[in-house]
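If you look up Swiss-Prot, you'll see 23-43, 53-73, 95-115 marked as transmembrane segment. For C65, H69, the entry in Swiss-Prot reads Cu cation binding site. Residues or ranges marked as domain 'GAF' in Swiss-Prot: 158-307. Among the features that Swiss-Prot reports, domain 'Histidine kinase' is placed at 350-587, with the record citing sequence analysis. Sequence annotations record features per position, and here Swiss-Prot assigns phosphohistidine to H353 based on sequence analysis. Here Swiss-Prot flags 615-732 as domain 'Response regulatory', drawing on sequence analysis. Under the heading 4-aspartylphosphate, Swiss-Prot lists D663, citing sequence analysis as support.
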Amino acid sequence: MEACNCFEPQWPADDLLMKYQYISDFFIAVAYFSIPLELIYFVKKSAVFPYKWVLVQFGAFIVLCGATHLINLWTFNLHTRTVEIVMTTAKLMTAAVSCVTALMLVHIIPDLLSVKTRELFLKNKAAELDREMGLIRTQEETGRHVRMLTHEIRSTLDRHTILKTTLVELGRTLGLEECALWMPTRTGLELQLSHTLRQQNPVGYTVPIHLPVLNQVFSSNRAIKISPNSPIARLRPLAGKYVPGEVVAVRVPLLHLSNFQINDWPELSTKRYAMMVLMLPSDSARQWHVHELELVEVVADQVAVALSHAAILEESMRARDLLMEQNVALDMARREAETAIRARNDFLAVMNHEMRTPMHAIIALSSLLQETDLTSEQRLMVETILKSSNLLATLINDVLDLSRLEDGSLQLDIATFNLHAVFRQVFNLIKPIASVKKLFITLNVSPDLPEYVIGDEKRLVQIMLNVVGNAVKFSKEGIISVTAFVAKSESVRDPRAPDFFPVSSDNQFYMRVQVKDSGSGINPQDMPKLFTKFAQSQPVATKNSGGSGLGLAISKRFVNLMDGHIWIDSEGPSKGCTVTFVVKLGIPEGSNEPKLPLMPKVSANNSQTDFPGLKVLLMDENGISRMVTKGLLMHLGCDVTSVSSSEECLRMVSQDHKVVFMDVRVPGLDGHELAVRIHEKFMKRHERPLIVALTSNADKVTKENCLRVGMEGVILKPVSVDKMRNVLSKLLEHRILFEA
């Protein structure tokens, strides 16, 4: 035990001092341990502190210092070597951390000294941001005022209201003493005071347009400060006021006003401007700010746009009023034209009936007289009467057809017919006339043409008769050739009509007919008027040629209705001409058989016993027409009973009558109603006579009405003996006849 050195010798200690050191070290340790906690809290909460790692070093230093003081509590009494080692280690660590922290502070202190400089920099930045925010707020305020002013300006399209609203809103927004608008005069040489803020009816002051201040303002799109003593700034008297307010002026473009004939604005051929003048309150230190000038400039542009819109509105309203007036006038003209067309149609209908009735008598009696024994001189006179009457009847038909073509009421009568028979019919009609003039006429119908086609047989015959008839009429000698074939696309082109390009299909084709003669020919300058109604070329319109000038005009319209084209070629006078027309025809479905019977051949028998004992009832209100028709029927051997009214016809008709001829235009009970009554009287078909309308109306409506009431046929006056003979033959053979 004596050799044991477990306890090192210690200094004797004062108990009171020891107690105070104990307490002091304890509280020092508590303080050292609490400060790192506070630093940790600061590091977590501070997002912008740049030296967090320095705070960590401070924390470690303080913790080690606290640990040193805490360990030191055990060194006041006797303690072991272990406590001494721990104490020494703690002090070494504290010394190391303290030195590192001290070295780091050498580098940090300059940065900490620059914090003040940064603070000043940040303050300057903050002040600059405040100024920018103030500018932004000013711009927003200006924008709000602009939007408000724009809304007020555009709330109306009346230009006087626009200008007055602009001045009022600018005066209220900017606190103006006066605001005025100068407009150019009609001559454009002066500006006139048109609107002011304070004066209800401003006197029309004017200033010359060539003033330097005006040129200065007009040459810039910005608001310009001008002298309060300028002529355009003297808006109000300055009595009792010492310092006039600042004045600015800005131009207002008059956009596109040259396109609008505003009554009280000048007609501006070049770009001109109005001028807006704004005055701040007098006797005040207020000045114009930049944002206020920008506001004025924007408002001036908005006023220009609003005035342009107002001008457009005024022009559109004027155009609308003018259009309404024109529509009223056009509607009145249309009604007058419709009235005139109806009057013309009524006149033509009446004249058609009134002319055909005597023509019927002339042609019928002439044809009857022609079949009697006459001397050669008498026969020549009768033939002349008959030819002249037929020519007059043709002229009547042409006039009526042209009238219906022009008002669009004429429509094609589409049916299946024998195309080859049509060519033979035309050839047989024209050949005798050509023989008299010693003309040789040839007909060449291509085998590729279908025998039966779908189209308007009557109009096709009329076209061919007009074209071939003209060739015969205007040729004194030579040959006339008629050629017909299926048209190919390359053979129907006419350089004068490049838009006409026909295309055939499986059930339709185009037929080309070419009529070439060696007649008088045509002057090239007369070509354009050949298809004009009542017009003929000079070499053609000879005194012996005859004709009304309607044939080609009507033929052209018929060809157009058939989706075709017609043209004429001639090398000049005395060199003949070639007329070519192309029409579209349909191909019947199924077998190539006729859907309608062919025209029966004309009987060569001119005896009076063609229809011996055939009982016929004739009803015609016109006495002459009734007598003439009765004579025709009796000449053909018919047993005729004639009556003058529908009531008498209804009373006289019986089963013994085989045919009833009736005029459909009679007073009281007309022909259509009479046909219905006859159908009601004879319910059985074999007991009912055949009903045929004998009419002067050649329109399609008459035919449709007759079909509707059950008539078996329609015959157009005038009627000759041969025509009546053919009519009865076809009627009795087929029990139906509707003359084309």
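Our numbering is plain: 1 for the first residue shown, then up by one each step along the chain.
Including glycine, each Cβ sits where the backbone N, Cα and C put it.
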CB within-chain contacts under 8 A for the residue listed as '4-aspartylphosphate', separation at least 6: M619, D620, E621, N622, S625, G671, A693, L694, T695
Recorded positions: H69, H353 - member with fewest neighbouring CB atoms within 10 Å: H353
Secondary-structure category, per DSSP, in which the residue listed as '4-aspartylphosphate' falls: coil
Residues satisfying Cβ distance under 8 Å from C65 (Cu cation binding site), sequence separation of at least 6: I28, Y32, T94
Contact set, same chain, for the transmembrane segment (53-73): CB under 8 Å, 6 or more residues outside the stretch: 22, 25-26, 28-33, 35-36, 39-40, 42-43, 83, 86-87, 90-91, 93-94, 97-98, 100-101, 104-105, 108
Helix, strand and coil residues within the domain 'Response regulatory' (615-732) as assigned by DSSP: 55 helix, 24 strand, 39 coil
H353 (phosphohistidine) - helix vs strand vs coil (DSSP): helix
Predicted model, mean pLDDT over the domain 'GAF' (158-307): 79
